[in-house]
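Engineer: Pasting the feature list from Swiss-Prot:
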type	residues	note
SIGNAL	1-24	signal peptide
CARBOHYD	Asn54	N-linked glycosylation site
DOMAIN	96-431	domain 'Peptidase A1'
ACT_SITE	Asp114	active site
DISULFID	Cys124-Cys127	disulfide bond
DISULFID	Cys130-Cys204	disulfide bond
DISULFID	Cys151-Cys169	disulfide bond
DISULFID	Cys156-Cys164	disulfide bond
DISULFID	Cys241-Cys435	disulfide bond
ACT_SITE	Asp315	active site
DISULFID	Cys354-Cys395	disulfide bond
Amino acid sequence: MASPLYSVVLGLAIVSAIVAPTSSTSRGTLLHHGQKRPQPGLRVDLEQVDSGKNLTKYELIKRAIKRGERRMRSINAMLQSSSGIETPVYAGDGEYLMNVAIGTPDSSFSAIMDTGSDLIWTQCEPCTQCFSQPTPIFNPQDSSSFSTLPCESQYCQDLPSETCNNNECQYTYGYGDGSTTQGYMATETFTFETSSVPNIAFGCGEDNQGFGQGNGAGLIGMGWGPLSLPSQLGVGQFSYCMTSYGSSSPSTLALGSAASGVPEGSPSTTLIHSSLNPTYYYITLQGITVGGDNLGIPSSTFQLQDDGTGGMIIDSGTTLTYLPQDAYNAVAQAFTDQINLPTVDESSSGLSTCFQQPSDGSTVQVPEISMQFDGGVLNLGEQNILISPAEGVICLAMGSSSQLGISIFGNIQQQETQVLYDLQNLAVSFVPTQCGAS
């Protein structure tokens, strides 16, 4: 899929409910940025986009890597052109779906959960062009709580690109893989399992081209901008816990009071906001060690520059961790030197540092990789370091980014870890755990 579905990814308990509007013709009373919703506590299951498909574990891995590679390139393209394009371009693809329902009575659909996008959108009837989705396309005429957004509304003004037609706020989003969604902005009641939240601003997509590669019917933006779900709910924190690829257990997303705190001493990193790229969550990486050896990569390698280049983004929808070429080369060389296995070529899978496992089944001593954040050291587990694209082959789950120097902390390095975004205190914390455990 594509990225506002840009490009991506809740078991649920909301502690506060709000009464939905009863008129389908009224504009509705919107909560603008100065107003606070009651702090909800939301917990929702997530599933990997290829879940339920008849694919081998190796096929799952290869598909995820290809999506992540496209997404990384799209993020780079967006950052390169962030200074003056009329129609924004967002990252394509995503990895985790969440089930939601929309309207009164409600209509269920799955959407990509994406920390690299702000807009919430789904396909709407009548469609000029819509892609195939596994659930019925939402028809606003069937809902009593639906209301279009006028052009003067704050949420319309928050769009990076909008037009006005008969006081109807229209949007156009383009994705790095060539996909586009066009439609109009509205508000509607969204239901997460059994709890409903009214007046959520979203895009009603009537012309959606190039999507349909996953199971989703839209996108739930979890980025830092005012149109995202965390911003609209007014929550100060959210967290997710993603299970490893191939796990039968669901991943989870929690918002507000349901996003539990972290144990004292857990590794953390400062969140940095970029005025040039306000959607993304930038984190502060200072160095990397392999097998206990500090590689001497300058911290400036991962710093966000004044012109919007560089920096490290934490992203739910990118599969591998991507580093600037010199940093990646240093990690790959140190890892290769220490693992002491013969190398193999798996470049066709999008992986550059791969090894042949011992034919006798003997145990491989995997060098530990540690990410040195400004708030502590995150020691990656073996499942966060290695990935297997083929029988008897293991690969370093990292890659090199483009000449732009952007770094992305991908979802393999975040799996089996509770990742907490504290938006009030500007920090991300990491708690290694078994995400699928009840």
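Note: Cβ is positioned from N, Cα and C throughout, glycine not excepted.
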Engineer: Need the DSSP three-state call for Cys169 (disulfide bond) to compare against my parser.
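Structural biologist: Where Cys169 (disulfide bond) sits, the three-state DSSP reduction gives strand.
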Engineer: Would you mind sorting out which of Asp114, Cys130, Cys156, Cys169, Cys204 (the recorded positions) have a C-alpha within 10 A of the one on Asp315 (active site)?
Structural biologist: Asp114
Engineer: If you average pLDDT over the domain 'Peptidase A1' (96-431), what do you get?
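Structural biologist: Averaging the confidence scores along the domain 'Peptidase A1' (96-431) gives 91.
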Engineer: What Cα-Cα separation, expressed in whole Å, is found between Asp114 (active site) and Cys354 (disulfide bond)?
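Structural biologist: Roughly 29 Å, rounded to the nearest whole number.
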Engineer: I need the nearest neighbour of Cys354 (disulfide bond) among the recorded positions Asn54, Cys130, Cys164, using C-alpha distances.
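Structural biologist: Looking at Cα distances from Cys354 (disulfide bond), the smallest one goes to Asn54.
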Engineer: Through the lens of DSSP with three states only, how would you label Cys395 (disulfide bond)?
Structural biologist: strand
Engineer: Check the Cα distances from Cys164 (disulfide bond) to each of the recorded positions Asn54, Cys151, Cys395 and keep only the ones within 10 Å.
Structural biologist: Cys151
